[in-house]
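Notes follow the structure.
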Number of protein chains: 2
Amino acid sequence: MNPEQSKVLIHDPTLRDGHHAVRHQLSAAQLRAYATAANAARIPVVEVGHGNGLGASSLQVGRAKVSDEEMLTVVREALTDSKMAVFMLPGWGASKDLDRALALGADLVRIGTHCTESDLAERHMGHLRDRGADAHGVLLMSHMAEPGELAEHCAQLVSYGATGVGIMDSSGHYLPADVTARITAIREAVDVPVMFHGHNNLGMAVANSVAAVEAGASIVDACARGFGAGAGNTQLEVVVPVLERMGYATGIDLYKLLDAADLAGRELMPAPPTIDSVGVVSGLSGVFSGFKTRVLDISAREGVDPRDVFFELGRRQAVAGQEDLIVDVAVALRQA
Amino acid sequence: MNPEQSKVLIHDPTLRDGHHAVRHQLSAAQLRAYATAANAARIPVVEVGHGNGLGASSLQVGRAKVSDEEMLTVVREALTDSKMAVFMLPGWGASKDLDRALALGADLVRIGTHCTESDLAERHMGHLRDRGADAHGVLLMSHMAEPGELAEHCAQLVSYGATGVGIMDSSGHYLPADVTARITAIREAVDVPVMFHGHNNLGMAVANSVAAVEAGASIVDACARGFGAGAGNTQLEVVVPVLERMGYATGIDLYKLLDAADLAGRELMPAPPTIDSVGVVSGLSGVFSGFKTRVLDISAREGVDPRDVFFELGRRQAVAGQEDLIVDVAVALRQA
């Protein structure tokens, strides 16, 4: 491989995706401590925010302990070398949130949509392009679309002005060959950097991230100790030395990275994520693990096996926002 | 693939390797509960014993709560369908331990040696062969030998009478390509079933096990919740559905397997294994993670970075039993 091909940019959403695991309750002191450690380790990009992104703090999905404005201010101050990224889901956040994030020093904005709804990103992507901001488009729950379809949506995002695109394995469903097929198709369709964001429900987050890089992805998302909801994300301090051992350069200092991970383990989370049985079932069924609590509650009420409910939700291609389907499925299973 | 190629035999050492994580303190009730659940899930082989195997219970490596005899009696009673396996390291256990295990109903005996010392298994393998017992030879710390050397040692084990051979990734050092090369070489050298036993220090235990199977291994070791020392073993209830999804048949009931894993999570372990920074470093350096406590203590005393000590121990190819090297290395680093 040539030197350019062998570089991988690590994007660290510990302070955004990890928020899901603690109901968005990280304090300013916690944000500052981790951002300082990540900056010292030379992690190139640190993402911060409410788990659901800019503007999402609400009674419905949970109020963050710290406002978007304070989060960005605190983290920006700590990141003397690393770039600061933010995430936004159209509908949760709006243009004013983007403007404020840029004013507070965000270097990169990611706009996320369901994998088949990239058109929802058009307006925001245009807004960011008009301001000369670096904006990436990312597709959530990407296992629900075939490689060709994902490639088309990524090309669409680039046509809107995205300077990078990527896919999230939101329910941790992929095996490495699935990732290879998708990243390969996307790489053929676009000429901007391609990102992969893994979850560990099937124990494959690190292997899937490696498969993505080998297929041409040049941005890998990973969180300290895998900090994130359910089975957690790709573990940052594991995937970095694994990629380095395989000949890819990340520019990250290993010992300081391990220090940052130790700090995260000690200061940010009650316990590191593990793969419990619900994690396995949500990964296998391809259902967002955020459904867990409701599936367990409704299954108990209806006297059905929650695992059957997950698999049926998977067959019905349920996505976040369709929580009502859980009741339909549980009642149907009870009656069957 | 033809139907025979697509079968994988799952070997479950939860009640033996998991013992390392709880200083060999599982009670008879815990052993019975898990063996009953594993049997109900149709896990084909359940291994039981002190972490270091038959005869190893001692002040030096820790006394087990329950004697070998009671362990085998309790588990044998619970396994109405599954086979019962035991493990022995020559020197820790002796022929009388093998005879007693066979008398108590062990269906399979594994004799383990360091990866380049298969000759230590000769006498015990012969002893077992004379009694008509099913005996497998397994090579520990197998990353310390090249594929060809491992294949020669496996062929040697078969010449002693082994009816199966395998390799353990004792320090969790392998990436999938390493496993593929080694299992391929071993498969070419022997015509008995080949086993792979993974550890998760680099987050690759499931991916490595899949790589082993794809290279021709037909026996995979895995523990409920990954129960084992340090970063833990290949997670049983994850690797089984992953293999099934890839078209391999294990014969295991998924829901009862998840029930067994839930029971293990609830009843056997204080917390499931996670990959901490020492786990990453011991995996990268290829050093047995059992060195952890002493490395931390001695490094603190000498005022050196324990990570440097691990990497230097790896360069010196330290193996279990060479704990004195830790002091040599730490002192050398302090003086350097």
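Using N, Cα and C of the backbone, Cβ positions are placed for all residues, glycine too.
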Taking TrEMBL at its word that B:ARG16, B:ASP17, B:SER170 bind substrate, choose the one of B:HIS153, B:HIS197 listed for that site.
B:HIS197
Counting other Cβ atoms within 10 Å, pick out the least crowded of the recorded positions B:ARG16, B:HIS20.
B:HIS20
Tell me, how many other CB atoms lie within 10 A of the CB of B:HIS199 (Mn(2+) binding site), whichever protein chain they belong to?
31
